[in-house]
Structure formats: structure tokens, C-alpha cells
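Below: the structure, in C-alpha cells.
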Amino acid sequence: MRSSCCDMCSQEEFQAQRSQLVALLISGSLEGFESILDWLLSWDVLSREDYEGLSLPGQPLSHSARRLLDTVWNKGVWGCQKLLEAVQEAQANSHTFELYGSWDTHSLHPTRDLQSHRPAIVRRLYNHVEAMLELAREGGFLSQYECEEIRLPIFTSSQRARRLLDLAAVKANGLAAFLLQHVRELPAPLPLPYEAAECQKFISKLRTMVLTQSRFLSTYDGSENLCLEDIYTENILELQTEVGTAGALQKSPAILGLEDLFDTHGHLNRDADTILVVGEAGSGKSTLLQRLHLLWATGRSFQEFLFIFPFSCRQLQCVAKPLSLRTLLFEHCCWPDVAQDDVFQFLLDHPDRVLLTFDGLDEFKFRFTDRERHCSPIDPTSVQTLLFNLLQGNLLKNACKVLTSRPDAVSALLRKFVRTELQLKGFSEEGIQLYLRKHHREPGVADRLIQLIQATSALHGLCHLPVFSWMVSRCHRELLLQNRGFPTTSTDMYLLILQHFLLHASPPDSSPLGLGPGLLQSRLSTLLHLGHLALRGLAMSCYVFSAQQLQAAQVDSDDISLGFLVRAQSSVPGSKAPLEFLHITFQCFFAAFYLAVSADTSVASLKHLFSCGRLGSSLLGRLLPNLCIQGSRVKKGSEAALLQKAEPHNLQITAAFLAGLLSQQHRDLLAACQVSERVLLQRQARARSCLAHSLREHFHSIPPAVPGETKSMHAMPGFIWLIRSLYEMQEEQLAQEAVRRLDIGHLKLTFCRVGPAECAALAFVLQHLQRPVALQLDYNSVGDVGVEQLRPCLGVCTALYLRDNNISDRGARTLVECALRCEQLQKLALFNNKLTDACACSMAKLLAHKQNFLSLRVGNNHITAAGAEVLAQGLKSNTSLKFLGFWGNSVGDKGTQALAEVVADHQNLKWLSLVGNNIGSMGAEALALMLEKNKSLEELCLEENHICDEGVYSLAEGLKRNSTLKFLKLSNNGITYRGAEALLQALSRNSAILEVWLRGNTFSLEEIQTLSSRDARLLL
């Protein structure tokens, strides 16, 4: 970018590159931008008034950059060229600045000389501002108040130097002459601070520390250390953008690699510093950060950062004492052995070379707020205030911060301070296979596991989350030895891993073959101790446990030896390392296990798992309402009291596990845990009735349909977790009862984070609907495996909307196979996915053989002319289709000709979209011939092509002989006034046309006014 921008010579070229220049000016730190201003001021490109307007504190950097471009533009070619020179000078900041030109310490114009030599003087003052302030104050040139204003801790050393020079420019008491004389006497600037031995020593120590922490992966396993380098597998990392910002041709979210994390595209707030990575529990967020740390520490990537400071939110919340930014970085991450002040000052002066990572905001018990502002890097404050001000940019502005979290913990307020949001969606199909092959290099083992997973639909759906792939890997022997009864639900998987750990801890000669009564009874006390610890931890938002907390829960060394508790990295140097569960989901599982089997758990107290007061009107606030005993009071310290305090997203996971444990399938296991038959039946019956009742209550809250429209339901927050809980119980009769009276025509589940596992749960419940429904699952993570999981419920679907779901040709073929057997399924929307010509045969078969099919939308995929030709053959045999969407593909003229030839004779097609398909005049000519013959088409969308005037001439001729088309859309097609004139002539003979869209074509303002006045149907 730099070379292309710096080659510009005219104002027109300068203006054409404006967006690149803005990106260049804001790509570095505020220090870099202010250095550019120094050069422009020293060359008199900027007046003092210009400079002050561009240096207003608190202005977003992007705003200042645009104002600077406007200012130099108004100064002509010379100003534009000088800006580019200033950018080059500021970027070449590694050389030693020298005071240049004549230098008269007794100059008659000291203020002018200070300005002429400003870049060099700022650099020379860098390490001497404090000394210069003292000299100036003692000499009577500055007041104490003025010195304190310059010393404010929010300013860097360079900014303090600039403020001193700015003050000298307006004071008439000789300060400018004083500075000229004393700056000349200062020693030449030292090499840049990060080249100094002290900084290099700290960087080396920091790299070593980060490398030590990131080399081995022990997130899910305490019994062995796995080398991250050997087993790391890329996850699906998608860039989240605001829906609709890219118009009709908006593509699916970009899938990025880890190395793309800091790219400049997809900004939600360009002036923010924080990159947010969201993902469900077990999707691999912590491992992704660990990989980032490893790549930096080994020098293979992210070397634009000199410093990386990694933090865990679950450990930060354990810090009780007030702390400053300096304390956080040095005492809670890495301590500089020498020159602590110099190192810290460098961090403040060069925040753009610093990266801070904060893992697991969802495990931070304090909710984000912007009410308490803290801008001092040296004054102590609470840990939550420090973290929140770092994320907002009030501290270490322009330092990059990467934050991970589960989605539910991210508020709209926090998103205001997010520069880029990315979603971690777990493994792709290829990722699952690669992960298992990396874990099992023995001949044939990985192949057998992969075959087992692919043959077991429910297990396949679970494995897209890395935590489940890890479980499958750990339990591969148990899975491969089983001939039936493979895990179906999340609860099944966690019971399988429980069995694996129990068997591993048992003597070899006494180990039973499965998770039988004897195995559970032998370690029941351990499981209850772990469950009690887990439940109390959830109540206090505590995920790292001290020795005192372990003792209070009666967890001893024998319990720890089972392997579910592992050592956490100590957040306080020198203290004994605390323990944590392998993963937050294990903590939730053990809490649910405790609630299911503990003799202390009353039936009434289970209600509080689902009706935590803070959930308000959400799903969980209405779940299990009839468990409440009127007039009962919550006993302090009881399970009910503990559950009232737990975080909602952890309650959701715990609720699903509890439903699974109370299922009929696991009744014998709970009985083996010494739960009486009567108590067990009570808990199961209550859970079943309340789950069904809660879902009905959820459905009853749906407002009535608008007269003349289908009754629609948009899922409320938490609805998916209610469905998951029903699925975990695996009782068909319960699912049937839950939806028996649901009376809707459209079920909308957009942006609900629906993956393959959620698809299985939805299908399990929705297959029992009494009336057909249109199912909308846009903007989720269904994928090909999720499509497979939806099979059971497709028979009750009239329409299926799967926009932006990472579906490939394989998933499309599955859908077609089902649609051909499902009489009621009449509409498919698969735009913004990964379809290619390879699925065209299936689509053609669907059109040819399903004569009640109404709508097929496959826009924004990767279909070419070859695919369009195949699909056209299927359309030739179809008589029912009304809507065909092909926008955003690459069918070109050849594909358009094939489609047009078939559409010409179609008797029912009402709407055809070929937006953005690289269609030229030949394709337009074919469409014109189609218009002459077709008697049904009402809307033809051809925006974003290159039809131009020649193509419009053909279309105009077609319009003269057409009497049904109402809307013709030709925006952004390179059409001139001559083409519009041809359309006007056609319109004079066509009264059926209501609108012709011509926006974005090559008309002058006068031509637009003329054309609009001649026919109002032209939309310009």
C-alpha cells in the first residue's frame, strides 16, 4: 500500500486513493500519526490552527485521518505530495534524528526554529522531558500547574515533548529561546528503546515464558501433556459482519486462518482496539489463543508485536487487591529483571507493539460496564475496572486486545468497543478426520474411528466441537469394542468419559467392562465430592479452586487422582497452583450429577436450576415453573440457594445434563448411586412434566397471527437449550406431548448458533408437529452433517431456509433426496453456502420429478455455466416452479442462454434473479427472446452485470412483445443515456411494466432529471 500511495502525483490520483490513505494513516499507533503531523508542521504545510484542529484529544484516529486528508487536499498538489513525504519520514523512524540546517542558539525567531526542527526536537526530548520541565520551572518559564498538565500520566513521553513545544509556541516569556538553547545541549538520541539491551532482555524473557506455557496442551487432560505442535487442528473461524451491509451480493462470512486474525477487513468499529472471538463451550477458544502464543514465541508469526501478555479471566477474577496496569503486566504476567521503569515507559509509548489476550470473559464474574473510567497506567484500581478500561481503550489505547468468550456473555454494550468479531465454529468435516489422525498414528485405528463416527449420525454431529472429538479420541477403545448403544446425547458422551476415567483409576484385575453399578459405587463418594465442589463453584462464578475450597468440599488427594481436576497456572507468583476442572462443561456435568443423585437435593429445589431471577423473561426464567412450592423459603446454603447465584450460560449446560441424567435410559445408573426408587421416580416425573409444560408456555407466548398471514414464531433466547434438554431425555412421548398443541406456520431460528448437535435435537422434537411448518435456520452452522441430522423432521416442513450455513454439495444432495420423498416440502433456500456445479444434477432431478415444488434459491454460491445448463434440463420437465434465484454465481452468457431457452416456455415461473452473474450482451439477447415468448414471468433481476447499451437494446425489443413482466432491474450495468432511450421507446408500447431499475449506471445529473421526467417508471 505504501508504494502505491507514494507514487501518486496529482490531486485526482490522491483522491482516488483516499480509502487506502485513511487505512495507512490509522494502521499504526497514534504516535505514528502525530509524527506525520510533526513533519507537516515543520514544513509549514499545516498552520498552527490546522495542527490544533487535528490534535484535539479524544478524537477517533480515523476521524483525524480524514480531516488531515481534507486539509492537505485544500492546499493543492504540493500539500498532497508533502503528506506522502511525511508518511515516508514517519515510517522510516529507525534512523537517528539530527538537528539540521542553521542553528543559532540566539536566534531572533526561536518559535519558528522550534517548529522547523520539531521532529528532531521531539525525538531529542524523548528521555529528557522531566528534566527540561524542572529547568524551565526553576527559570520561571513554566508554572507548577503547567508542568503538572504536561506530566499527566495519560500522555506518552513523545506527547509530553509535543505539549511542551506547543506551549512554547504561544508563550511570550522566552520559553522558546530557552528550549532552543537547552535542547542543543542534550545528548544525541539513543537507539530506539526496543533495541536497547534492557528491552531486548525483557522480550527474550517474555518469549521464553509464553513458549513454556503454550508448548503443551493440557486443557482437557491431566494425565498427559500433548505437544500442541503435534495435535493442533485448525477450527472454522468466521468473520462476523453486520447483516445486509453488502447488499444483494453479500457473501457468506469469510472463513479465516489464525494468521488472518489481525487483518484490516470486517471492522465493526475501526477506532476500537479489541478483537472478539466467540464460540460455544468446547469449541477451542483457549487452544486457539495458545496456538497464537506459540507462533509468536517461536518467531513464526505475529512478529509485529514485540510483547504478548496472556491472561485468563477465570484467574484474574481471583485477584482481590487493587492493582495498576503496571502491576497487571509485570507482577501477574512477566517481571522485567532490570530497568522496569524504562520497559514500562516503552510499553506506554509504543502500544501498537503490544498484544494482550484475555481468555474466557464468560468465566469472569463481573459484568462489563463502561461507567467507571480509569485512564491512569500507574494508579491502582479493581481488576474488573482495569480490564474493562483496557477493552474500551482508556488504557493502552492502540494496543491490540484479543478477547474470547461464549456468545451469551457478550453484551451489546461491550460490542460497541469491538473492532472485529469472529466466531469459532469448531471442526469442519476434514478437521475431525485430521484431529483423529494426529491423535492415533497406529495403523488402522484412526480409520476405524472415522468410519464409526460417520456411520453414527448423532456421534458425528457432536464431534464438530473439539471437546467431543477429544472424548472420542480418549475413549476410542471403548467405542471400537462396542457393538451397539453408541453415544447419542451429550450426557452419553460425558458418562462415557466418566467410565473411561473410572476404569483408568481402577486396578486392572478389578475393572468391569462398562459403567456398571459396581464401578460407580466404588467411587461414589469421589463423584459427590467433585459434584459439590462444582456446584458451589458455579454459584460463586468460581472455576479455579484453592486448597481451602477443596477442603471445604471434602475433596482429597484420592478424589483429585481420578483426573477431572488439573493444575491451573498460578495467577500469583510463588503461591501454590490451584486446581480447576478439565473444562467448564465438566464442572457443569458434575454439578448436574450431584443434583441428580445427592440425598440433599429436594424435588422443589430443582426449580431453581431453571428459574434464576436474573434470567428475566428468557426461557430459563419460565422453565419448570410448577416445581415451586408456594410459600417455601430458600434455605441459605442449600442447592436451591446456590443455583440462584449461578451464571445463566452455565445453568443452561447444567440443565441439559440434568435432563439427560434423569432420563429413563440412565435410570439404572442413578439407582446404583443409592438414589431410592421413590425419589428417582419423583425427580424424573417432575422433570418430564415441567419440560413439556415449559415448552407449551413458550409456545403460548407467541402473539396471534396478523390477519391474512401465517402465524410465525421467532425463537426466544434459550429456546434451543430447552429443545436440547428434551433431546437429552430421549423420550419420544415427552417430545410429542411438548409440541402437541403448537399451531404455527413459520418457525424462525436465525442466529441461534444451531450446529449439527442442535439439529439432532430440533429434529427429535419437531418431527412430532401436528401441522406443516416452514423452518428458517439462516445464519447458523448447520453444515452437511446438520442437514443429515434434520432428516427426521423434514417430512413436516413446507419450506427450509438454510442461508449462510456452510453447506456443500454433499448437504445439497441429502436435501434433494429427502425433498423427493417429502410431499409437503416445496421451498428450498440455500444461498450463501458452498454449492458448486457438482450438485446441479441433484437440483435438476428435484425440479424434474417434484411437480409441486415452488421455490429454489441458490444465490451467492459457486455455480457456473455448466451447472446452469444441467439445471436447465431439469427445469424443462418442471411445471410448478415459481421462484428461481441464481444471483451471485458465475453462469455467464452461456448459462444464461440455457436458462432463458427453458424459461421461455415455462408457464408458472414468476421471479428470476440472475444478479451478479457476469452476463453481457449475448446473455441479454437470450433473455430478450425469452421475454418475447414467456407469459408468466413478473420480475427479472439483472443488477450487477455488464449488459451495457447493446444488451439493453435487445431487452427493449423483448419488452415490446411482452405483456406480463412488471419489474425489470438493471442497476449497475454500465448503461448510458442511449440505452435508457431505447427502454423509453419500449415503455411507450408496454403498459404492464411498473418499474425499471437503472440506479448506478452512467448518467449525468441532467440526464437523470430528463429521464425521470419522461417516464416515472424509470427508477434512477
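Numbers run from 1 along the shown chain.
Keep in mind that glycine also has a Cβ here, set from the backbone N, Cα and C atoms.
It is 43-57, from the ranges 43-57, 568-582, 823-837, 943-957, that Swiss-Prot records as motif 'ATG16L1-binding motif'.
Residues 221-254 are the range that Swiss-Prot records as region 'Required for CARD9 binding', among 221-254, 459-492, 867-900. A Cβ distance under 8 Å defines the sequence-distant neighbours of the repeat 'LRR 9' (963-985), meaning residues of its chain 6+ beyond its ends; these are 915, 931, 934-949, 951-953, 955-956, 992-1003, 1007, 1011, 1014-1015, 1018. Below 8 angstroms of C-beta separation, residues 248-249, 887, 903-921, 923-925, 927-928, 968-976, 978-980, 982-983, 985-987, 989-990, 992-993, 997, 1000 of the same chain, each at least six residues beyond the ends of the repeat 'LRR 8' (934-962), sit close to that stretch.
For the binding-site residues Thr233, Ser283, Thr287, the ranking by surrounding Cβ atoms (within 10 Å, all protein chains) places Ser283 first.
For the repeat 'LRR 8' (934-962), DSSP puts the residue distribution at 13 helix, 3 strand, 13 coil. Mapped onto three states, the DSSP output places Thr287 (ADP binding site) in helix.
The repeat 'LRR 4' (794-817): residue composition by secondary structure is 12 helix, 5 strand, 7 coil, according to DSSP. Comparing local CB density within 10 A for the recorded positions Lys285, Cys375, the maximum falls on Lys285.
Nearest Cα neighbour of Cys375 (S-palmitoyl cysteine) among the listed binding-site residues (Thr233, Ser283, Thr287): Thr287. Sequence-distant contacts of the repeat 'LRR 7' (906-929) (same chain, six or more residues past either end, CB-CB distance under 8 Å): 248-249, 859, 875, 878-893, 895-897, 899-900, 935-948, 950-952, 954-958, 969.
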